[in-house]
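First comes the structure, then the notes that go with it.
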């Protein structure tokens, strides 16, 4: 006959004897929001700057490598696909390792990895080397998601819905920074120096990681309650608050970072629908980014006939050559900056909607609007009108990412939160791997067909979002307790006054 875990019995013993105990969740809520969380927001949020610069880099160097190595459309698309292939593979691996060995260690490792291979990319002697090294950069960047998890696990419940979406400001800053740098560096000293300069923020950020501790929720899940308590006391001192009275008591979780937990009947439907949504959102997001670059590079003059009109009106040998060079001019960079700035446009509305309407309904609405604006790109309009549509699309796809990041980090328990984010990130990169071939290849052949495909995927995601089985708005972060432990909990607690509180924290 199975027996209750020792830590579990100790927790029940102290609670039922009247000795005061508290969980990490209760400590985080009691300490509240303060100076520590502002520092956490700035440092961990800055990981978004680095990630955005590395991901957006391909969009601004594509015209240059296309010309230098005389690449065809599919070869340019393959560069982006391989970046996300590396991201997909390492996202699962690093997520599993983060649940087993800690979020902070994996975050540091991923930054060192990405910075090293990014610098090597700038010395790539050939197209093949460039593709391989960017794939390795993608693998390193996949670990940056641990910064979001650390933020989520330290934030009080009522602040998660406000502070996490604001992290989009850092992604926007990184995107604008790389576009601004490209407009100056690419025409003067070249794309290789652009990559070297873009590596600097990641290297600098590594130096300030020491100010952020390991997640207290992770420490307590490994049985290291002493380290968790020390972290909570440090946060309380910085915030000018105090930890709750009593002893920090939570059962250690021996089963951490197991893939089969994600597909346990309790989470199976949630996991499958989350994967669909992540895949679709990334497909739409990177589709918009790459389509913007393609449209601006080729400078279409009118809606759906744009690319065909350009190709048919220019009979020169250069135009028909697969390696013809179309570099971004000042107007193209300006349009990219305007459309990229759209990522922050809906942030206030997004924050309000996820806190008032909930995560599921908010995501459904923004996904539906994304589908509509993809179709609106087919309308014959001026360059300003096209930039306006791209602006709104960037705002909507950014809102989609905001919401699904928050939902995924909140819905899974501590024991598999990093793995849940990792596998979701992997599926996300599947969508990102397909997007270049739609935005950079299919769009050249059938503009309307590509737009209909993007729109259809967004509609599927909207349906998946509104039918998610769990709403996480106002919900405490689950710790992760097995069904057998919950059964013992019910038996041991009986009529104990703290039964409801403890069960709510552990289930």
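Each Cβ is built from the backbone N, Cα and C atoms, and glycine gets one as well.
Residues 272-291 are the range that TrEMBL records as transmembrane segment, among 252-271, 272-291, 292-311. In TrEMBL, the feature transmembrane segment is placed on 361-379, out of the ranges 361-379, 475-493. Per TrEMBL, the stretch carrying the note transmembrane segment among 39-64, 143-168 is 39-64. When TrEMBL is compared with the stretches 7-24, 169-186, the one noted as transmembrane segment is 169-186. Spatially, the transmembrane segment (193-212) is not adjacent to the transmembrane segment (272-291); fewer than three Cβ-Cβ distances between them are under 8 Å for residues at least 6 apart in sequence. Here the transmembrane segment (272-291) does not touch the transmembrane segment (104-124). Their Cβ atoms form fewer than 3 pairs under 8 Å, with each pair 6 or more residues apart.
For the transmembrane segment (39-64), the list of distant contacts is 76, 79-80, 83, 107, 111, 114, 118, 134, 137, 141, 144, 147-148, 150-151, 154, 163, 166-175, 177-179, 182, 186, 190-191, 194-195, 198, 201-202, 205, 208-209, 211-212, 238, 289-290, 292-293, 297, 325-328, 336: same-chain residues at least six beyond its ends, Cβ to Cβ under 8 Å.
Below 8 angstroms of C-beta separation, residues 270, 273-274, 276-277, 280-281, 283-284, 287, 291, 303-308, 359-361, 363-365, 367-368, 370-372, 374-375, 377-378, 400, 407, 431, 438-439 of the same chain, each at least six residues beyond the ends of the transmembrane segment (445-468), sit close to that stretch. Stretch with the largest number of CB pairs closer than 8 A to the transmembrane segment (419-439), among 76-98, 361-379, 385-407: 76-98.
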